[in-house]
Amino acid sequence: SGSCTVKTCWMRLPTFRTVGNLLKERFDGASRVIYGNKGSNRASRADMRHLEPEDPAHKPHSPQDLVYFERSPNFCAANSKVGTAGTTGRACNNTSLGLDGCDLLCCGRGFRTLTERVTERCHCTF
């Protein structure tokens, strides 16, 4: 008689890196929204369609967009109410483009460069 072939398809999640990159991209493009005139004071699923861009020049958000109501606090300045110490006086890495880099960590205030010469015994043999 005959033979049959079975194909099995498996659904697979993308890698963690892929998901993280997508979320970061959406986070960078997030826009602030306000309730439109049609909305109520409390957010429900039905009210989400009444969210409008804070800036009328921006296009309305799509269901895939990230939106926010409140601005983040200024983490550059100390704020005891929020519990942040600010970044003034922190050491930074002048050559880094990361979170420890002076451009980001000093929040555009500028920074002082400290050059330090250290002499140590190296226990070298020649």
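The backbone N, Cα and C atoms fix where each Cβ goes, and this holds for glycine too.
Per Swiss-Prot, O-palmitoleoyl serine is recorded for SER1.
What Swiss-Prot records for CYS92-CYS107 is disulfide bond, and it gives similarity to another entry as the kind of evidence. CYS107 (disulfide bond) is surrounded by 14 other CB atoms, counting those within 10 A of its CB over all protein chains shown.
Annotation note: ASN93 (N-linked glycosylation site) sits in a strand segment as assigned by DSSP. Look at Swiss-Prot and you will find ASN93 (among others) tagged as N-linked glycosylation site, backed by sequence analysis.
What Swiss-Prot lists as N-linked glycosylation site is ASN94 (among others), and the listing cites sequence analysis. Cβ neighbour count for ASN94 (N-linked glycosylation site) (all protein chains, 10 Å cutoff from its Cβ): 11.
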Reduced to three states, what secondary structure does DSSP give CYS107 (disulfide bond)?
coil
